[in-house]
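Here is what Swiss-Prot says about this protein:
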BINDING   Gly12, Thr13, Val14, Leu15, Asp16, Gly17, Asn18, Ile19, Asp20  ATP binding site
Amino acid sequence: MEPIWAVGLMTGTVLDGNIDVALIKTDGERIDDFGTYRLMPYPQSIRSLLEETLTAARAWNFVGPEPAIFRKAEEALTRAQSAAVKELVEGYGMTMADIGVVGFHGQTVLHRAPQVGRLGQTRQLGDGELMHSLLSTKVAYDFRSADMRAGGQGAPLAAAYHTALMRSAGASGEVAVLNLGGVANITWWDGADNVVAFDTGPANAPLNDFIKSKGLGDMDRDGALGRAGTVDEARLAKLLQHPYLTKPYPKSLDRFDFGAAMADGLNAEDGAALLTAFTAGAVGKALDLLPTRPKKLVVSGGGRHNPTMMAMLASRAGVEVVQAESLGWSGDAVEAECFAFLAVRVLRGMPISFPSTTGAPQPMRGGKLAG
């Protein structure tokens, strides 16, 4: 199959007010060209709307009709992300006619993992048909629902792309990819046919929520608060006894499954230190679950910009930690690139999730296609 140009979109559960947009050329198996990437801010009005929507989603919790705010938020974010796609493509000297497909993940507002006797449920806001009409380009969307209807976790979906990246870099077995978004997820590949992926625990979401609750901004910028704080080791040890952390994979999390309340009663510095250490400790427990424990973690996502997080990963997870850029990847772009890659797989009828990554009963094609 000939590679085609595809655009990927991602807005994470951390709600940082930005749209990640990436352009790659791929056949859905290999990456032919890393085109370009941009981080484009939402207008404040949409950011506020999404925060209200997340609150409404948690109150709804898949019971009864969807909150009315979903429709309003869905249209607003679809229009904003469509504009971001056009701006990226035209800024790269191309037109939408050059783009084979857009991968539109949408905004996750609620994700409930399956339990024994109960299928999981997930809701991403994003109107693929509207985006198709705005861009006149095929749009792949709703990537997670089919996997969950079949009994899978619906997450993480990055495994196919992470594996393609590792294959291109000749990295396997002793190397794993860790993405630090709102939630942290890991992908391990044995270099042959075995790929394992799962959510390890929280990453930026509880830390950012805690910082916001203290009125100190949106995040622990440069890890300054966490670095200045002291970790309550007894409290951390108790938190690390959470059964999720030793539960066998496949497994997935909602961004609110581990919350800022873990640091209740602590000052800003000590709370940031505790939450950062918890993320690192949870990753360490995840590494112990893998078929072989990797010696190196290649880290992507926003959390890698936090030097305290990176240092704690090395010391508390007992692993060498390197930036995605050390392998020639763009660590900020990986998630958006992933959905461009998956969109091509949807377009070509290829699976996007697997029994060893989401627990689906067989490789799942997934995704819907508009256009």
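Heads up, the Cβ atoms here are built off N, Cα and C, so glycines get one too.
Annotated features, which come from Swiss-Prot, shown on the structure.
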residue : record           : Cβ within 10 Å
Gly12   : ATP binding site : 24
Val14   : ATP binding site : 24
Asp16   : ATP binding site : 20
Asn18   : ATP binding site : 19
Asp20   : ATP binding site : 28
Any further residue of that chain within 8 Å (Cβ to the Cβ centroid of Gly12, Thr13, Val14, Leu15, Asp16, Gly17, Asn18, Ile19, Asp20) of the recorded ATP site: Thr11
Three-state secondary structure, which DSSP defines for Asn18 (ATP binding site): strand
